[in-house]
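Listed in TrEMBL:
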type	residues	note
BINDING	337	heme b binding site
DOMAIN	861-896	domain 'EF-hand'
DOMAIN	897-932	domain 'EF-hand'
DOMAIN	1277-1383	domain 'FAD-binding FR-type'
TRANSMEM	641-663	transmembrane segment
TRANSMEM	1054-1075	transmembrane segment
TRANSMEM	1087-1112	transmembrane segment
TRANSMEM	1141-1162	transmembrane segment
TRANSMEM	1191-1215	transmembrane segment
TRANSMEM	1227-1244	transmembrane segment
C-alpha cells in the first residue's frame, strides 16, 4: 500500500473516547501528574544494565522523526490541559487553578462525526523510512537544501565540498528561513530566529544537540556517497548523482534502523550478544545475511510466540498497511523515554587510557555564565543545539558512544519528567504526564484492552509484579511503583493508562512483551508495506501499471547488509579514529576492547553537591527552573496607548476644529483689512482711506469729506453711500488726534466728543500728514480746538479705541432700559437684571448721534424723516439725543393717545413752530414717508392725493394745514390709538371678544391676517358636512392615537427606515450567527469569545452602510428618480435625512467594531503566537516574533488600515458637525472628500484576509457604479464656466449674483445648485437655492455672508473694494438638484414658511407662481400662503421686490403674504417699534406697508403655526392634503414640524405634509 503525508493513525485496539466520538478517554482516571509521581519517578543516575548507549537512545529519537510527526496541534486549538496539583514541583506558588497546557493533536476533519466514525489523528509525514529526515518533507524543501552541483547537499563552506573535506562540512545556514520547529529554549526563556539553524531535512532536527548530531552525520554521508558514485560512474549530472546518493543513503538508513538498532532496542540479553531477532524480509531468501535476522521460521515463532504472524511476511505486500498505529505513537515508541540520560559526557580524541583524560569540559552558555562542566545537560540545551554541535561534534559522537543510557525501568529522568521544554507560558513540563494525557486525548483504550488487541493476556497488579521477580526483571522500585499505582487507582487495574502499564513491564532486557509486540508490528508493516524497501527483490516492482527494476542488485544489498553500520558512517565523515569508537556504537561493553567508559553515570540528584566536581569543574549543571510568560506583557504599553490616542483623537480633532474656526475668524478679520484706495485727488476736503470699524467688523474703503458749510464730516463708501456723519455744529470740546508711529506710520484716530472714533489708514504717511493738516484747518475754521498726540502704536490705538461694536452694546442696553421705563417691564423681562451701577450711569449719560439715531430706525442719516424727527427730539439743540429726550418721545409713541401722536408727527415737520404746515411742507412729509420704503409716486398722483385729503377736511387747495385739520386726516379713527407696542402675532389688538370656542377661533384666524382691501368673499360650490371627533379619552388612548396619526403621515419614511434597519439587523445577525456557530471550527470565537461575533456582525453592517451612503450622495440620480413614478413610493426629499441616519448607523457600528476589536485583540494578544498561526493563516511572521498588539495593529494591512480608517472616520464626523459646517465649511467639504480614502482603505482592510475573504466588494460595487455615473454627470456639467452678469451687495450681508443660464439647464422652482467661484477655488463648491424662476433666461442666487467662504465671496464681488475697472469673476455651476420645495404645486393648498436666508427657495417659487398665473397655466395648487418670518425688517429687503411683483401680477389672488417681525423687546430694535407705530399712518396714506412697501400686513411676534394650519381646514374645507414647506433655522422648522404633527392629530382635518430644509 502506497501512503502519503497526512494519513490517519491506524488503531489496533478499539477507540475509547468518552462519548465514542471525540471526547478524550480516561477522564475518570487519576490526574496524570499523580500517576507520573507514583509510577515514573525513581532513583536517578542508574546506568543501563545491558550497556545500552546514549547513541542508541537518540538514534531512536531520529528514527521516530523519520516515520512519525504528530507534533502539530489541531486548528483551531483545542486544549486538554492537565491540572497541576497544589503540592506539585511545577506549582511553587501553590495555585488552585494552575494547568499545564496541552493542545490536542491535529485530526482528519472528516472524522469525529459519530461513534462509527470517531476522531482520527494525522501523521503529517509518510510512515516509510524514506529519507524524510535528511531530505525534507517535500520537494521544495529538498531543493532548498541542495547545492545543485555534483549531487551535493548545500554546505556552509562550499570549498569543503570541492575538497571533499567531509569532516569539516556543515549544512548551510538557514538564511532562507525554512520553517523548522522553533520553540523557545527554556534555558534562556526566549525565542530566537530560525535562521540560526542549518539547512537540514528534519523540521524538528534541532531539538537537542544529540539529535542534531545525526542530522549532520547523514548530511555528510550524502555528500560522501555523491562523490563516491561520481567516482564510480564518472557522471557529473547533478540530478543523477543526487538521486543515486539519496537512494543509497536511504537504504543505509533502513538497514541500520531495521537490523542494527531495532534488535538491540527490543531486547538485549544479559550476555549482551543476544538481541531480538527480526523476521526475514524474504522467506525464500535462504540463510540470513545478518546476525539479527531470525535464522529460521521456528526461531522466529519462538521469539514471537504471541505474534506468529510476524514470521509470515514475505517481501513487499501491497495489502499491508504501513501506517503508524495509535498504540505505537502514544505509548510503545515512548519506551525510550526511560533510557534518556540527563546529559552526555564530552569525550575528546585519543584512546581511553584513564577515566578522566579524554573527557573535556565545555563552557555553559547563556546569560553570561561561563561555568565549565564535563557533561552537556539535556534540559538546558533544548533548541540551542548548535552551540555544542558547531564546535564539539566529534566529542559529542564519542560521548554518545561512551555514555550509557539510563537503566531500563519505568523511571524518567528529571530532564524529561520535570524539565522538559514547553511554551513560553509554561517553560518546563512533565513528559510522563504528557504521554499519559496524549493517549487519553487520542482516545486510546486502557492497558489491558490494548494487550488483548495484540493477542496478549490481561494482567493484574500481582501478575505484573511477578515480571520483576525474575532475574531479568527491573529493580524493586518497580514493585513499589505497582503497589502505589494500585492504591491510586483503587485496585482497578483495568483503568491503567497504556503508557504507564507498558512502562511497568520493562525489564533490563528491554521493553515488555506489549511494547515489544507493538514496536515489531509497526516496523514490520513499514518494511513490508514499502515497495521501495532496499531489499525488495521480487523481480520487477509494479506500480500503477508500469514496471520498474529493483532499486538495488543482490550484490549491493549484500554489501549494505554486511558492511554498512553507523560506526562505518561515522568513521568515514569525521576525524574520529577507529580506535576511539567501539564496533557496536549502540552497546558499550567490556566485550569490545575499544570501548571507553565514562568515569561514572551522570546523576542529576548530585548537582547540588559541591563535591560533585572534578578539578573544580562541575560534572553537570543544574536545570533552569519553570518560568511563565505573559503574552500580553509586550502589549501593555502599545495596547492602552493606542486606544487612548485614538480616543483622544476625538477631542483633539474637536479642539483642532475649534482652533481652526477661531483662526478662521481672525483671518476673516485680517482679510477685512483692504488696500488703501489711492488716486489723483486735488480736492483738499476729500480724502480716500481705509476705516477700521472694529475688531470683528474689519475694515472698509471710505471717502471722507469735510463739509465746511454744514459743519459736518461725511464718511461714505466708494459708491457714495453714506456710512457716518460727524456733526461739528455745536461742538465745544477738543477733537483729539492720535497718530501711530510704528509700521508704515499711516494710521490716525480722530476722537470727537459723543462720537465713536474715526480710525483711518492712508496709503502712506505723506497722505496722512496731508489729511491732518487739512483737518486742522477745517477745525480752525469752525473754531474747534484740537489736540494732536503722537507716539502711539497701532495696537494701542486699536485697544483704546471707542469703536462701533462696543458702542452697539451700550445702545442695546440703552433701548432695553427705554422699554423698561416705557412698558413697565421688569429687568428680568428685558434681560438687563445684571446691570451694575457703572453701566446704568453710562446708559443714562449716553447721547445718540444722528447717525446712530438713523441706524436705530434702519434709515439713512440723510433722510428727511430722520432729520426732522431728530431735530424734534433734540430739544436742547445739542446735536445729540439724550436719554430723557428719547424717553419722552418714546412714551408718547408707545402709550400716548391719538392726538399726542398726531401732535408729535405734526411738530416733526413744523420746523418753524408756526402751528401750521404749508402745502409744500405737507407734500414733503408724505414724500419722506414714501421714501422710507424706497417708494415714490408721480407728481400727478401726489397732487391727487393731497387734493383728496384737503377735500376731506374742507381746506382750500393751496392753504396751510393747521393741527386740527391734520388731526382729522390722520387721527380720525383708532389707528393711532391702537398703535401700541404690546402686539401679539395672533390676530389684532382689538379681538378680545374672539376668544370663544376653538372652532370659531380657527375659522376667523385667516381673516385676522387679511387686509381689508384683500378680503375675498367666496361662495362655496361644494358643501361638505364634517363631523369633528373628539380625541380619545385617557392618556394611553391619546398616545396611541397620536402614534397612529404620525405613522399615517410619515408612512413612506417609516417604511423605508424600518426596512433599512431590518436589513441592517439581518446582516448583523447573519454574520453573528455564522461566526458563533457555523465558523466554530475556525477557532477565533473560542479565543476571543462572542465578541468576535459582534465585531464581524458590525463589520458587515459597516460595509452595508458605508456603501449605502454612496446612493444618498448620488444627487443627479435622486433628482432624476424623483421625477418618475418612484417618488410615489420612495421619499427622495428625505435623502439628506436618510444620509444622516445611515451615517449615524455606520458610526454606531464603527464604534462597536472598534471597541469589539479592542476586546478581541486583548484576548488574541494573550495567546501564544503559534496558536494564532492556524487562525490567521494569511499572516506570516518569523517564529521568533511574538504576535503582540502592535504587530496586529501596525504590522498587518488589516490593522494599519483599520487605524487609518478610524482616524478618517473621526475627522470626517467631527468636521461634519453643525458647528464645523457653519464656521469651517471649506474644512467640512475638504474632510468630507476623505470618503475616497475611506473606501480605498475599506477595500484594503478586507484584502488583508485576517479573518475572512474580503466581502466589502459585494456591498460596494453596485452603489459605487451608480455613484460613479452620477459623478460623471456632475463633472460633465460643473466645469461649464458661466459669466456673472451682475453682482450686487444687498443689505443684511446678502450678495445677489445673476449669471448666464446654460442652454441645457432645465430646472424647477425650489431646486438648488452648487457653485464654485473661480477666484476662490475651482474645486470648492457650495450649495445654494436658486432664486431665479424656470422661465427666466438667467440664473440668480442670493447668498448671505455667514461663513468664511460666503464672506470671502461677498468681498470678491464687492466693487467698492475691488477698485476701478472691476469685472465680476465667473463661476462654475453643478446642478440642478431636487428637493421637497419643488413639489409645492402638487398640493391644492401650499404653505411656504421662510425664515432668515431660508426665504431663498421661495423667491424662485413666488416668481414661478406669478409667471404661471399670468400665463394661465393649469396646476393643482389653488392657494399659496407665504409666511415670511424675520428678526427685523432690515433683513432681506431684496425679497420685497419679488413680493411686489407677486402682488402686482397676482390677479387671481393665488398668493397670500404675511410678514412676521420676531425681534422685539428682548432684542429691541428701535426701527421695528417706531415703524410699527407709523405703520397704520402709512397704510392710511399709501395703502401698503411702511416697512416693505407691500400690501401684506406686517405682524409683530412669532406666528403660532398650529393655529394657523388648523384654520386652513375651515378656510379650505375641500382640501384633503396641504403641503407645508419650511426653510430656515432649525428652531423654526422644528416648530413647523411640531405644528404639523399637532394638526395631524385632529380627526377629519386634512393631512399636513411637511418638507423642510435647514440653513
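Quick reminder: no glycine exception, Cβ is built from N, Cα and C everywhere.
When each of 641-663, 1054-1075, 1141-1162, 1191-1215, 1227-1244 is checked for Cβ pairs under 8 Å to the transmembrane segment (1087-1112), 1141-1162 comes out on top. The 10 Å shell around the Cβ of the residue listed as 'heme b binding site' contains 23 further Cβ atoms across the protein chains shown.
For the domain 'FAD-binding FR-type' (1277-1383), the DSSP-based tally of helix, strand and coil residues reads 19 helix, 41 strand, 47 coil. Remote same-chain residues near the transmembrane segment (1191-1215) are listed as 638, 642, 646, 649-650, 653-654, 657, 1143, 1147, 1150, 1154, 1157, 1161, 1164-1165, 1179, 1181, 1185, 1224, 1227-1228, 1231-1232, 1234-1235, 1237-1238, 1241-1242, 1244-1250 (criterion: CB distance under 8 Å, separation of at least six residues from the stretch ends). Mean pLDDT for the domain 'EF-hand' (897-932) in the predicted structure: 74. Under DSSP, residues within the domain 'EF-hand' (897-932) fall into helix, strand and coil as 26 helix, 2 strand, 8 coil.
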